[in-house]
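Q: My questions will all concern the structure given below.
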């Protein structure tokens, strides 16, 4: 089916009074401390978006990708819109960049499905997810939303069944009270946006499928390199994808479901106690996700989302390459499945690249 997609971002001009545009989310999430524990090495994040330009802050991270836009034979390295590049910066921009990424040592697999106006169709996104699944994706980030589509659902479910984390933005149309596809699909990590005070953004779509919340208001670079900051669930999804890379790099023996559980179990609970339609399980907490003592799924008897706290024994950061991943644009819900630990000890992360 050819259903139009919507970018989960609103463009806000940078205000002169702000001076140097802020990356407030880095301090808010205590990313400096998180990077003392993990930087995301060995994990590949696929960005299904408008392409990713090989700008200086991303040159270290970019892998050869693919384009599903008619007339573009690049390997995903053409971005006429800027959205995909901005999302990738939030995930993996170099530590030498003023606006370093959440997981600066992770790799980006660009999958272009949107044209220069930010328009795209679900069939391209579906093919993009399938391609990423078959080309080594560890995490798939989707920062677009659309209506229900059976082929897209099957592509997402197939990725999840192959131990890939799919993260998607919920969308920017809360007046409709609808979480878009593919965020609505079971097993997707669906992400909503919060502001500098930790309040859910007025533009963030909410609902029972919401998994996590993350900063998404006034993020520098979310709108690309055009002197604007961005507000939307797109950036929030990118941040959660970056945190997933940090956690998986630190704990390479975990399954996708257990990585997601670490993020949901350690999230800062906001709103109504427990999971709620505005924050999901809460605002993602990278340091807690990296250090908390979270029982394995089979030991806890709980689903992929639950609560735990405490300190875990130090674990070496993984330096083996990750699977090339494509991330579909649109916040995701929770991940299903139980992992085979030693048997699947990151078998899918042994390929070239990383």
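Using the three backbone atoms N, Cα and C, a Cβ is placed for every residue, glycine included.
Summarising the annotation, TrEMBL assigns domain 'Peptidase S8/S53' to 40-282. Look at TrEMBL and you will find 49, 83, 234 tagged as active site, charge relay system. Annotation source TrEMBL lists region 'Disordered' at 296-317. According to TrEMBL, the transmembrane segment annotation covers 324-343.
I'd like to know what surrounds each of these features in this structure.
A: Following the DSSP three-state reduction, the secondary structure of residue 49 (active site, charge relay system) is strand.
There are 29 other CB atoms within 10 A of the CB of residue 83 (active site, charge relay system), with all protein chains counted. Secondary structure at residue 83 (active site, charge relay system), as computed by DSSP, is helix.
According to DSSP, residue 234 (active site, charge relay system) sits within a helical segment.
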Q: I'd like the Cβ neighbour count for residue 49 (active site, charge relay system), meaning other Cβ atoms within 10 Å of its Cβ, all protein chains included.
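A: Result for residue 49 (active site, charge relay system): 36 other Cβ atoms within 10 Å.
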Q: Fill in the CA-CA distance, residue 234 (active site, charge relay system) to residue 83 (active site, charge relay system), as an integer in Å.
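A: With the alpha carbons as reference points, the distance is 9 Å.
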Q: Within 10 Å of the Cβ of residue 234 (active site, charge relay system), how many other Cβ atoms can be counted across all chains shown?
A: 37
Q: Which whole number is the mean pLDDT over the domain 'Peptidase S8/S53' (40-282)?
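A: That region's mean pLDDT is 93.
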